[in-house]
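What follows is a single structure, written as structure tokens, with notes after it.
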Amino acid sequence: MRHLIFTVLFVFIASLVLGGCGFKDIDKRFFVVATGIDHSDNPNKPFRVTLRLAVTSPKIEPGAGKSQLETIDAKTIAEGVRELKAYVDKELDFGHCKIFMIGEKLARKEMDQAINWMTRRRDIQMIANVTIGHPTAEAILKIQPKNERYPGNTLFLSFGKEGTDSSYTVTEYIFGMRKRRTEKGIDPVLPIIMPENETYRISQAGVLNKKKLIIILSPEETQLYNQITNKYLKSSLGGNVEQDPYVLAVGRIQSRFKIKNNAQGKPVVEMRIKIHGLLEEAPKLVFDKDWASIEQELAKQYSKSVVRLLKKFQRQGVDPIGFGLKYRATHYSGGDKSWQEWQGIYPNIEFDVQTRVTIEGTGLIK
Amino acid sequence: MNRYFYYSFLYVLLINIMMFVPNIIIQNRYSGGISSLLLAIPFGTMLALLFSSSISRFPGKAVPEILFDHYPRWLVVPFMWMLAALYFLGSTIVLVAFSVVINRFYNPDTSSNVVLYLLIATCIYCSTRTTLSLVFALEVLIIINAPLVMFVLGKGIFTSDLDWDAMHTVANYFRMPPNLVSFAAATYIFSGYLNMSILNRALPPNFRLKHRWIIPLVGTLAMFTSIFIPIGFHGTEAVDEYLFIWSITADSMKMEYGFIERVLFLYLILYLNLTLLFTTFGWHKAMEFLKSTSKSHKPHLDPEKIPKINWIICGAFGLIAIIYSGVVNEKQNFSIATVWLIIRLFAEILSVIWICWLAYRLKSKSKFKVKGQSESK
Amino acid sequence: MINRILTMFADSKDLITKRMKNDDISIEVAYIDSLCDESKISEAIFVPFSRNFKPFEEIVEFSSEFKPIHEMTEWASSLLRGYVLIYINSKYYSYDASRNIRIENQNTQVESSIQGPQIALTEDLKDGLNLIRNRYPEPNLAVEERTLGVSSKTRIAILFDNRRVNDKVLKNVKKKILEINADMLHSAGEIVRELGGNRKQLFPTTLITERPDRISNSIAQGKVIILIHGSMFGIILPITFYDLMNTMDDQYESFWMSRTLMVMRYISVLMTVTLPAMYISIVSYNPELFRVQLAFSIAGSRSAVPYPSFIEVLVMLFMIEMLVEASVRLPRYIGSTGTTVGGLILGQAAQQAGLVSSIMIIVTSVVAISNFVIPNNSLAFAIRFLKYPLIFLAVFYGITGVCIGMFCYLVYLSSIRSFGVPYFRIHRKPARNAEGDLGQVSSS
């Protein structure tokens, strides 16, 4: 009896569904692997949406990754995507879109709408990477690297942790971007992708304030930024001691900072950095020299460059490291007061950076 | 048999995410949410311990039997109706909320009602089972799901994307005075002990709750992780912008070396199980309360044949749930949940005090008896 | 006597009746030729009777092999079991001269074990009892004999340890046995079905086994055993789901190895049930669940397939089910040819012809292989069925449907009772005996 009831109920429900179900096979979908959003210079249709679609094949081998590019100008991004559907024969699927690229021009103007669109769409993963394309996103997406095993894999691997571990690459996910754009006391940093000989170079980063792109960091500055915000980062540290070039392969880098009042009562950012590493490049017979003096010299030079970078941020009024958030966390004064205080403090704050370098060895030779 | 108590404690604790508890507290993060959390820990623990120790004085009896034994029908029947309505509404809120979540992430092209109907049909079938069967299912499901929940939480805690400064900033606001809404939401995390009000039928006569320290410990852990991990991921400001805060947080985690990369899907499967479990138990409890108000009803833990009345009551529940989902939209569901949490707090306090008072009277009576006997000797 | 028997068995040509006389006494003998061993009869009856060294009366009276019969109603049934009826001195005796044709091979065939005992039950009830008594030499071992089936009159024995057995269960079992009202009963499976009550039960609630070691272990756990004359299998009841997933080797192998195997078995159950449904729901609803590479290669290999994913799955599953069915029934030497033809040629060709995708071939074979991992045959059949409702749900609801289906299965399993004992309960012995069990209050 009860089985009968259950069956009847079930059939009833199933028949309800039969009308409109979202059944769509994988081969009837077009996977978007990267999305580019540019400014189009057309005031009526300000957005240029570029989609890189994967052309799938059963074989996965070097050079087999083919893709198709679709571009459209539209009034809004959502409209653009919808219109693009008319250009392709299968359903667009953003489920595997891991790269969102914003053209540099758009990034310099206003990127609110683009970020909003990404977070609001339900099929876009929060762990997709947000990047800036230089000169335009479209130009970057047009590049088809020759050795791609499957469409988009070069870009995916550059940002993922499984692939390359470049110390010049900044990664930012959509959720992190959204967090930094709204958070009081920390500003977003995005990687900048540049074209180079039919492939990409991702060695620079752009710092944004809450609205738009403010500074583009040089590769050296990008590495510095990466070093002071990450803990275990394979990177390098160079310097000259007595005119001899030294390069340290950093194995572990640890930095912490506090915001304090110094002896004169002025607020200071106190940053302490500890670096451990092996010498990768050094003059002959460095093994017999006094390591302590080399360490100190390297540390001094490093601290100086960090201060230079921090001062640069300060001058532009951006805070990608999160000093402001630290201040809010450690200086509670009720309501929103600590944030207002910080806005007064930051332009004049001093930086006290001290580095301790430890050379763990000289590699395989003396 | 202690584990059965803790299983039922655990699943209610885990479902808090679907009950909008993190949403409510995060909304009030600058205005007393954190202090309410802190206050809820001793309060919730106290209620849980009081209730579980007093109900174990009535071996094999559920709350309806205890109350009907000691009080006239006209007093108890409305109370039973109220409890039934409360449990039913609570589980229906969760079910409707979850059908929306699952629809957004898993079946975006169908209507959320279609998923909801299947969920309702499942809950009707499952909640008509006997209490004992449900307890066994509970055990298996908790054993399967708890490690996965641990995994997701661990993934959340030990990732470098977690911003400790943001959590620290929000934690600073513990100085604000607590408010009722957040307090009601926070105490919900501890309210799993109320399952004893029906499950006590199954527990053995010499049941004594051991390892009581688990209640505050696990409760506190769950409370802080379910509220602070999203803050750590999304910062102090953006965290308030998301509708399905935990789904988004789970989507922000990444399993680099897992079979599937996105934690979101694991999380959704997990909460699908927990939601079904919660609703099944909620409806089952509501059904038992309703059945107890009939004069001829005799409670039976594990009848061989499922009585027809079970199907009738649960079928009615299913119909009401369908109507509820049609009338109420996402936004209203959220505000109903807020109100529900507050009403539940008072109903909970009332039933704990009532049972405690009865247990106390029973104890003093029996003491008196023993005294009288020893004196007469 | 002979006249009466002749009227009872009027049309039986194989009934043999004799009147014999020696110096002292005359006897009457009756037996059914086809059921008896002639040499046994002549050795025990004809030779001593005709030689008459000792008065035959005495032999009959003092030997335990000759059993006195008091009632006339027992005549027919004794004759039909292969007994010889003897009338002597106005007393009736029976002598067991039955000849059972049975397989002499006593090696385990269905539940083979690597290092455990290799002996199996035989089709003779007495041998079975012998095997079990030897493994369980306890005076508490109770053996009750019954006959089941109106016509088949199958002899069965109910075995249990009367100190350890659960009285409620025993009462329940005896009641159910009394209720059996079938005409013919030959195999353990038939008896199980008659005992089951609920005919639409999906999962086996009894365990059919051929291993005497398993039976004696179960007796020690307080379970009830039914042995059947003429069947190589015994029935163990009540059981839990976990008993069915257990092999005897788990107890004979080292701890970690057997635990790992056990975990593997549960994982394979999960896989065989959900894999086809998961394939449909991931391919057709949530391709973002795969990793990118996998998604693209599946999309690529599926692009030649003209059918929606569920048709593909159903085609492949139907093929594999046919293969399994065929190879079970075929004679052994054709069997291997069948599997080769089906497995290799069909699978490869189906993919090349663009009927199914290459991933689907893997899915199908994983489903089939992991189903073979399940140690109990009747459970394996039940689980083989479980995947189809899930496929149905997957077509309409995707992953949500599959998870909901699994949830329903779990609740269904936990609501099954095997002779009043919870079927799906994770059983652990209570930490201390003083602690009560669930549901004690209501049952007492």
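Quick reminder: no glycine exception, Cβ is built from N, Cα and C everywhere.
According to TrEMBL, the protein carries these features:
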- B:6-25: transmembrane segment (TRANSMEM)
- B:37-59: transmembrane segment (TRANSMEM)
- B:79-102: transmembrane segment (TRANSMEM)
- B:114-144: transmembrane segment (TRANSMEM)
- B:180-201: transmembrane segment (TRANSMEM)
- B:213-233: transmembrane segment (TRANSMEM)
- B:264-287: transmembrane segment (TRANSMEM)
- B:308-327: transmembrane segment (TRANSMEM)
- B:339-360: transmembrane segment (TRANSMEM)
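Counting Cβ pairs closer than 8 Å to the transmembrane segment (B:213-233), the top stretch among B:6-25, B:79-102, B:114-144 is B:6-25. Beyond the transmembrane segment (B:308-327), the same-chain residues lying 6 or more positions past its ends with a Cβ under 8 Å from any Cβ of the stretch are 88, 92, 95-96, 99, 113, 116-117, 120-121, 123-124, 127-128, 283, 286-287, 290-291.
Here the transmembrane segment (B:79-102) does not lie next to the transmembrane segment (B:37-59) in space: the count of CB pairs under 8 Å, restricted to residues six or more apart, is fewer than 3. The transmembrane segment (B:37-59) is not in contact with the transmembrane segment (B:264-287), judged by fewer than 3 CB-CB distances under 8 Å for residue pairs 6 or more apart in sequence.
Pairs of Cβ atoms less than 8 Å apart link the transmembrane segment (B:264-287) most often to B:6-25, out of B:6-25, B:180-201, B:339-360.
Beyond the ends of the transmembrane segment (B:6-25), by six or more residues, the same chain brings 33-34, 36-37, 48, 90, 93-94, 97-98, 101, 138-139, 141-142, 145-146, 149, 181-182, 185-186, 188-196, 199, 211, 214-215, 218-219, 222, 226-227, 230, 245-246, 271, 274-275, 277-278, 281, 334, 337-338, 341 to within a C-beta distance below 8 angstroms of the stretch. Residues 3-4, 7-8, 10-11, 91, 95-96, 98-99, 102-103, 107, 198-199, 201-202, 273-277, 279-284, 287-288, 300-303, 306, 310-311, 314-315, 317-318, 321-322, 325 of the same chain, all 6+ positions outside the transmembrane segment (B:114-144), place their C-beta atoms under 8 angstroms from a C-beta of that stretch.
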